[in-house]
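Engineer: This structure is in structure tokens; I'll ask about it shortly.
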């Protein structure tokens, strides 16, 4: 609050020159906050956002000069035009991704600039538009000081939105897609949807900044919104710290002040390029990101844990798995969460008894000329653990990928409780009741342990985007409920570590438990586990066995891929053996261990001459 108060009264003590500098910093903060959502949260680098700012500026100026409308009306029209332009650009291009998308955004900015130069009737051509009316209210026409206050409110609003997006399901989903799109899709997140929301928000803020800029300066021209401005905006985000709240402020402060200190107009782009190279090399997280990492490094661990919850110790085989879950951090005020609430699909499973929850019939899959899965058929009974075993390259994970929708079937069918899954999207299959883990853990590295689990909850986007942006009481209450349930899923798998730490900073065995908790947060009817015991210690494997046994006792159906045959024998009700893409045996663990074909193909046959 003291800082905000000081900023509010700054024009009273500063000359018009320095007030104008602060005003420009505010304009850049407004745009950079929106771009930070796009670059920092989604990992989409747009080098054409000056074009969206130009759309907001020119549309607002045109309607003001042509029809005599007030800024409060034309500004909204300019914002709407920027949003529409951003939407028309984003829908066909977002799927390009990566460097290709960045190259397209460069072309977008250049095209917008060329249109402004050549469309004299709308933009005034190279000479631009002059005489743009300043904002007014109740007969008062805004001065430079008033415009500064307006920009300050706009910049603070943009930072408020940036903060609230990060604290919402939308921010978690954006980061999840950036970190691992495959894993994000497996828990029901729609990548295009969240990326479009990020682009739309950045378009709105760019259009708003453009409209304010046009009316404050009373003059705009195409030169103002050239390629150099797009580069400036990207540099502000990267220099300040992509994905950080203070990044836009720090970056804008440096980029606006730098030309005032160094008169290098002709070498400006070269200077910006040099700064970007040095930042990426020396401070890859930017100034704010690197500074935050230093603070965390030097703040004592016990103080950090005190802000979240107590450290519960390592996972062991004796960790208790309670029938009802009470997160320790909320135990005094949170009702007990039963398994029926955490896994409501189990009630539907209970109705079907021991009938097959999953039916696989005649699955076939080829990659080029290699036939990797050949006529695979099996059933997974409700409330049982069914395991696929076989040598490396036998096609086990390919079968799992077809069941979960990552690969289309060349032939055959998969049904979940009599519902055909063929043709469904990955998100629809997750919503139908199938969730999975991966052969190699795919956690969302920038998210905490708790946020990884929260990101998988199907109802996490309620009560809506606008409520999340404003962080209304309903949105805060919903976030609190998501956190309580996320704690409960982590308790369900016996995770005992610090839940505020980044997930990828955890030991491998802990990462496996978090990934299983995240898969359970999808509330599946069928859980697919791809080699969950790989890389675990003996104690961690024993703990995993306890978790699987508890989930099975609760009625959850599990399809498991595993190589540890002693582990398979202890947890499995039925085993299917694959070799070269075909089923060679199926039965109980005892029957499989005695099967000669399995011993020869998978376990290895003893040499009679030895």
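Each residue's number is its place along the chain shown, starting with 1.
Any Cβ shown, glycine's included, is placed from N, Cα and C.
Copied straight from TrEMBL:
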DOMAIN    358-605  domain 'ABC transporter'
TRANSMEM  6-31  transmembrane segment
TRANSMEM  38-63  transmembrane segment
TRANSMEM  69-91  transmembrane segment
TRANSMEM  98-117  transmembrane segment
TRANSMEM  137-162  transmembrane segment
TRANSMEM  196-214  transmembrane segment
TRANSMEM  234-258  transmembrane segment
TRANSMEM  270-295  transmembrane segment
Engineer: What residues in the same chain, six or more past the boundaries of the transmembrane segment (6-31), come closer than 8 Å to it by Cβ-Cβ distance?
Structural biologist: 49, 53, 144-145, 147-149, 151-152, 154-155, 158-159, 205-206, 208-209, 212-213, 216, 232-233, 236, 248-249, 251-253, 255-257, 260
Engineer: Should anything in the same chain at least six residues away from the transmembrane segment (137-162) have a Cβ under 8 Å from its Cβ atoms, list it; otherwise answer none.
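Structural biologist: Distant contacts of the transmembrane segment (137-162): 4, 7-8, 10-11, 16, 19-20, 22-23, 26-27, 29-30, 33-34, 36-37, 72, 201, 205, 208-209, 212, 216, 245, 248-249, 469.
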Engineer: In terms of Cβ proximity under 8 Å, which residues at least six beyond the ends of the transmembrane segment (38-63) contact it?
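Structural biologist: Cβ under 8 Å, 6 or more out: 31, 69, 71, 73-75, 77-79, 81-82, 85-86, 94, 97, 101-102, 105-113, 116, 122-123, 129, 132, 165-166, 171, 174-175, 177-178, 194-195, 198-199, 201-203, 206-211, 213-215, 220, 222, 224-227, 229-231, 233-234, 237-238, 241-244, 247.
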